[in-house]
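Enquirer: In case it helps, TrEMBL gives these features for our protein:
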TRANSMEM  20-41  transmembrane segment
TRANSMEM  91-114  transmembrane segment
DOMAIN    107-478  domain 'Cation/H+ exchanger transmembrane'
TRANSMEM  121-140  transmembrane segment
TRANSMEM  172-198  transmembrane segment
TRANSMEM  204-225  transmembrane segment
TRANSMEM  276-296  transmembrane segment
TRANSMEM  308-327  transmembrane segment
TRANSMEM  333-353  transmembrane segment
TRANSMEM  365-389  transmembrane segment
TRANSMEM  395-418  transmembrane segment
TRANSMEM  430-451  transmembrane segment
TRANSMEM  463-484  transmembrane segment
Amino acid sequence: MNISINIFKLFSSQKFKKEISTLISSFLVLISLYITFISVLNRPFLFPFTENNIKINNNTNNNIIINKTIINNINKNNNKEKKEIIIINNYFINNFISIFFLWASSLIAGHIAYYAKLPPLLGMLLIGIIFANFPLLYIQNSWATFLRKTAFLLILLRCGFGLNFKVLQKEILFCSSLGLLSTFIEIISIFIISYFYFNIDLSIAILFGFVLASTSPAVTVPTMIELQHKHKGTSKGIPTIVLASALIDNIFCITSFSIAYEIVSSTKEEIINKLISVPIQILVGILFGCFFGLLIQNIPFVNFSSKLHFSRTILLCFSSTALYFGFEYLNYSISGPISVLIASFLAAFSWANDNPKKVRPEAKALCLIWDLIFLPLLFSLIGLLFNFSIFTFTIFINSILFIFIIIIIRILIVFLITNFNQKLNLKEKFFFSSVFIPKATVQAALAPILFEFSNLITKNNSQFILQTCILSILFTAPFGQFLIKILGQYLLTNDFNKNNKRTSTITPIIETK
């Protein structure tokens, strides 16, 4: 009897519940890390140590094969194998050091630009441009791609934290119109100009529209969260509307590009399979996002974790990374972003109401990770695309005019759409017209793919396509960030004390006490 009572007391004790909470949280973090590692490194899930060849391209364009045989024979007196091991070591070391120098330089340049009253993005882009034209660094494309994807993942998390369910319920049609209709009209405009004026191939012109039309969440999301922090336009839910519209815009362009690319580069049988997989991937993304979002809402237990906010931040980041890269490993690239966005939104929605600090610590941690690490890395990596040796004066002028025309078209379309929302005044309509100007993330990720595909079909306009994408980043990203900040400051109302309550898009994040 005494044993039963003692066991009951043990299971009912605060200490036991705390240990269980820690155990479950740690288990989820470790599983998430494992899934991330095998996905990024492309290893089998159950047998990650099986022999697997990995190709590495070095500066001499020779393929070096890392495999189990080389590692096992490292101690043998074979000069050739020893030389390969040295090259492989240099490969990893050179990448790490190059990324460190790029990150440190762009971080410093961003601060210098800030104190010079210039957009920090401009300083970061310039560092990338300098290193692109004076090749001092060694960064493999696969490493740069991984860092860009991780930065996009962090953008999704911050956007999920910046959404408000009540505002989305009321303004979902308006958000969809801004994110889908205005984007679709810009895509059509790009296609018409490309195909009829520049004589670009039909399939290339369609893909070009999907790449160039997308706005940059890397610029829009942090800038809107900054305005949200200042309570600008929050009574009408303007930050949430912009964040949701920008994400809809991005997901639509990326998904459409993927579908169109598969159609123009696949056989008829493959096309049918790809089209069928799209709604399946969307459904899977929604289901997994809801599952993980609901799962981490209550883990770790609120009353039994001494480091609640730290644990939640770690769990959110690692589980989202596992979702994003795990789905990519399974070739479900559409499911990843959708699941991460939904999971972060559901988690933030619950965490905002179960403790006094709400989600301020988690939001601050994500903000610091973005500002100190991934913002300078992302835009300096984008700057590495700017190789001036490929630019010609004629193509440069045509690209600038092309970018200017499509920006004007997007501004006019967004302004017309906002006129159907009776809640907005004229100043707010002008502000909405400016938020879709910045371009960077999608263009940096998809422009090289489009360039290579264009070269396979016809080389006549491939340079024009690449230069237009590159110049759109250089001119619209820093200018767009500057414009959104300035217009947000002067055109949006400060709603901090309106009706004695804070009705911002996600009040718990931006409260400061």
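Note: Cβ is positioned from N, Cα and C throughout, glycine not excepted.
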Enquirer: Grab the same-chain neighbours of the transmembrane segment (121-140) for me: Cβ-Cβ under 8 Å, and only residues 6 or more beyond its ends, written as numbers and ranges.
Expert: 56-57, 59, 91, 94-95, 98-99, 101-102, 105-107, 109-114, 219, 375-376, 379-389, 473-474, 477-478, 481
Enquirer: Test the contact criterion for the transmembrane segment (20-41) and the transmembrane segment (308-327): 3 or more CB pairs under 8 Å, pairs 6 or more apart in sequence, then answer yes or no.
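Expert: Between the transmembrane segment (20-41) and the transmembrane segment (308-327), contact is present.
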Enquirer: Sort out for me which stretch, of 308-327, 333-353, 365-389, has the most Cβ pairs below 8 angstroms to the transmembrane segment (204-225).
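Expert: Of the candidates 308-327, 333-353, 365-389, 365-389 scores highest.
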Enquirer: Might you confirm whether the transmembrane segment (365-389) is in contact with the transmembrane segment (333-353), defined here as three or more C-beta pairs under 8 A between residues 6 or more apart in sequence?
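Expert: The answer is no, given that the two segments have fewer than 3 Cβ pairs within the 8 Å cut-off.
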Enquirer: What else in the chain is close to the transmembrane segment (91-114), if you only count residues 6 or more beyond its ends and a Cβ gap under 8 Å?
Expert: 56, 58, 64, 120-124, 126-128, 131, 137-140, 143, 147, 372-373, 375-377, 379-381, 383-384
Enquirer: Could you check whether the transmembrane segment (365-389) and the transmembrane segment (276-296) come into contact, where contact means at least 3 Cβ pairs under 8 Å with the two residues of each pair 6 or more apart in sequence?
Expert: no
Enquirer: Could you name the stretch, out of 172-198, 276-296, 395-418, 463-484, with the greatest number of CB pairs under 8 A to the transmembrane segment (308-327)?
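Expert: Comparing 172-198, 276-296, 395-418, 463-484: 276-296 has the most Cβ pairs near the transmembrane segment (308-327).
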